[in-house]
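Novice: I'd like to ask you about the structure that follows.
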Amino acid sequence: MIDQLYRKAVLTVAERPQVEQLARQKMWNLAERFVAGESIESAIQAVQALERDGIAGNLDLLGEFIDSPAKCTEFADDVIKLIEAAHAAGIKPYVSIKLSSVGQGKDENGEDLGLTNARRIIAKAKEYGGFICLDMEDHTRVDVTLEQFRTLVGEFGAEHVGTVLQSYLYRSLGDRASLDDLRPNIRMVKGAYLEPATVAYPDKADVDQNYRRLVFQHLKAGNYTNVATHDERIIDDVKRFVLAHGIGKDAFEFQMLYGIRRDLQKQLAAEGYRVRVYLPYGRDWYAYFSRRIAETPRNAAFVVQGMLKG
């Protein structure tokens, strides 16, 4: 409950226009710990640096609350440019997108614009042997996102498109089971949006326990699993689980956020585990940065210390 109250307080303050304006003026030097620059070039360089340490990248062009269909299509074009740039740099493209950013819920000639643009993006990634992860947003978009995910897996294959489930939502265990027929590649996260107790666990202990259930059930079902957490207790539990069940290191990977626990990322890679780092980049970094601060008081303390030094 305390964690939920903390998250709510931080995100409520972050939504104030004057706070966003101040942050954009004063906090980029702090945000760049969590964001891999504002350009494609800086993001590609960040992936290359990770790969030198045996760690893969998951690129994400930041852009939320895009309102017009034209801007959504322009955003999709920019994602395609990112995929092409990654391929040109010798990187197998692995990119996350929010379907809302490419037009989910907007009609174009009788079809969802988000689905249309996602098809273009995934087709380009598939051309280069790459992969697109459909990020999950707040609970109001879960149904349509999973429906569109099912459609896209049918068209492009589970080896080229995956999605995300959030352990703080009560419904996620059922959603996971409902997707088993697809043999889906799913990233398991705890969840960073502010959700009401009617749909999400308010207590961290319940979120953590549900996270373990999601990961263990997905692994036991024989599906590729992305264990996206920095929680060392959970990481150790996953290590023990796969060892006890004879699950190979090629059946899953650990995923972490750019700028957080780099030591742990390198340690896991050195132990022979697959490790991938989520690398957000772009000018629209504020909402993402706010959610990172809201995750833990430790991140907020980092920002306060940086402001005092600055």
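From the backbone N, Cα and C atoms, a Cβ is placed for every residue, glycine too.
If you look up Swiss-Prot, you'll see Asp135, Arg187 marked as active site. According to Swiss-Prot, the feature substrate binding site maps to Lys98, Arg291, Arg292. Among the features that Swiss-Prot reports, FAD binding site is placed at Met136, Gln166, Arg187, Met188, Val189, Lys190, Gly191, Ala192, Thr229, His230, Arg292, Ile293, Ala294, Glu295, with the record citing experimental evidence. The feature site 'Critical for catalytic activity' is assigned by Swiss-Prot to Tyr278.
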Novice: State the three-class DSSP label for Met136 (FAD binding site), counting H, G and I as helix, E and B as strand, and everything else as coil.
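Specialist: SS state of Met136 (FAD binding site) = coil.
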Novice: Just to verify: the residue among Met136, Val189 with the fewest other Cβ atoms within 10 Å, which of the binding-site residues is it?
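Specialist: With the binding-site residues Met136, Val189, fewest surrounding Cβ atoms within 10 Å: Val189.
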Novice: By a simple count, how many Cβ atoms lie within 10 Å of the Cβ of Asp135 (active site), its own Cβ left out?
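Specialist: Looking across every protein chain shown, the total is 19.
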Novice: Using the alpha carbons only, what distance in Å do you get between Thr229 (FAD binding site) and Arg187 (active site) once rounded?
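Specialist: Cα of Thr229 (FAD binding site) to Cα of Arg187 (active site) measures 10 Å after rounding.
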Novice: What is the separation, in Å, between the Cα atoms of Tyr278 (site 'Critical for catalytic activity') and Lys98 (substrate binding site)?
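Specialist: So the alpha carbons of Tyr278 (site 'Critical for catalytic activity') and Lys98 (substrate binding site) sit roughly 14 Å from each other.
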Novice: Does Gly191 (FAD binding site) have same-chain partners at least 6 apart in sequence with Cβ under 8 Å from its own Cβ, and which are they?
Specialist: Gln166, Ser167, Tyr168, Leu169, Ala200, Val207
Novice: Quick check for the class: what is the C-alpha distance, in angstrom and rounded, between Arg187 (active site) and Asp135 (active site)?
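Specialist: That comes out at 9 Å between the alpha carbons.
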Novice: Including all protein chains displayed, how many Cβ atoms other than that of Arg187 (active site) lie within 10 Å of its Cβ?
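Specialist: The answer is 24.
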